[in-house]
């Protein structure tokens, strides 16, 4: 593949294998995270259901704690009953206290709270799951919208793995943290607040001892939190690299298979996966250590509480006041224990929320990215667009390479002229096409179209006026009609058929059982190369372009397919400005003007006959090609093995009938 062609849609994946240092991960600063936090919470609570969803979460958390109040009452009632029975045994005149009505009353309260808790939990979780899903979906839509507006340069320098993780893993983190986990946070906050308040009401001394574990837990989490954050950032980077590698390898599976590099790719993927797993395991170990220290602190606190509360119960019963009984001790212990656990779980989920905020910061940073080449804006209507192209001292270098691919290039292509750009691979031919499509802007100089700087035009207007046919056309997994219609969504079925007829595609399409409704497999693999190329030409033609750009449109085809595609190109180039990037003589010899490139410069220009008569660079290219063609024709054909009939051969046979 020519060097400059690597800067097309495949440029990023191809180039990253050679120079990964040129890629920039999506990194976020503290200010980005602060902005993301405000944006995420703003978007979340802009929905009134978020306010409504707070109440069932608070009720669920609070009712879970209140249950222990009634358990304590029941335990105290049993204690009173036992004391009255013992007193009655000693003095029959002392009546036995009937506590059963009181116990049943408290039991009914527990049943009511359980029902209320279940209903609120059900409603609350539904609300918050929907809120989280809507928030992440909205972000995904916004992300993809901005991705579609990013300039090609962005994808050249940004690893595809980093981009792919944004709508998948990062969005999933946001969905969980601002959905079901947010519900749990509110619930745990309610447990803590109500638990601590009730504990202080029952016994401020016991509550104070219980609260001593909270600052200890905060200190432990404060120590481990930043370390976990750094390890997770490194893990994300390693994971995105492995995703990038997997995407590149699978997209280039034929090349990998052809060079027997499967083991090497497996080893590379294994290395990146192990690196990611190492930091994942390290984070897991740290979390385990973190919870070990927290649980130790918690149980030490529980033991101290039990001892101190038991002494209070003993003093209360000995004094005869009975103001702090066993039920009160149990209730107070449960209030403080589950309240403290609530704040610890809340703190633990906050660290997960920080990851989600970092993920949101990455998404929003991309969404805030201002494309170097605007997606739209500029001249979007020209009454008499001619397609007069002029390169004026154009110099260009790709963002990932310091070398000038074009050096002070100047040429002019008048309306309705058929021009050809020829030269060795890497000489800058295809780069000119990409500059015309405004995938990139020139580094120096100017490109004029109908006398106006190309930068003055709306890029979307230019794309309507240009029809582009690449060496390896991309077809989508849909019908043939939809693939053709991709060039002009408003075209009619009649226009689709006319475009296919001009591109020599109608013949083989109508021989198919489903005709234009035939489904095309991924990347058009169910069709031959020539068939894919002719559908791509029809797609370019259906929008009736003023300028047709053909970038090595026939170079990847065999001679039979080339003839069909070339005939299609000859049809569609009539009455249009056309630029052909090619190296085959049959494709370029009838061009009105030929520009010969060498090392980023134009070294010759003229018609085929003029350039051949000069016996310069073009003459050498033509001579070499003719010699190669003669050599190929003189080689004996091996007929020892029957050749499997291809789609194209079937097409040829059917056409000849």
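Our numbering is plain: 1 for the first residue shown, then up by one each step along the chain.
Backbone N, Cα and C atoms are what each Cβ position is placed from, and that goes for glycine too.
TrEMBL lists transmembrane segment at one of the ranges 285-313, 372-400, 401-429, 430-458, namely 285-313. In TrEMBL, the annotation region 'Disordered' applies to 1-31, one of the ranges 1-31, 32-62. Ranges compared are 211-229, 230-248, 249-267, 477-495, and TrEMBL records transmembrane segment for 211-229.
Counted over residue pairs separated by six or more positions, the transmembrane segment (211-229) shares fewer than 3 Cβ pairs under 8 angstroms with the transmembrane segment (107-131), which leaves the two as not touching. Taken together, the residues of the domain 'ABC transporter' (389-624) have an average pLDDT of 83.
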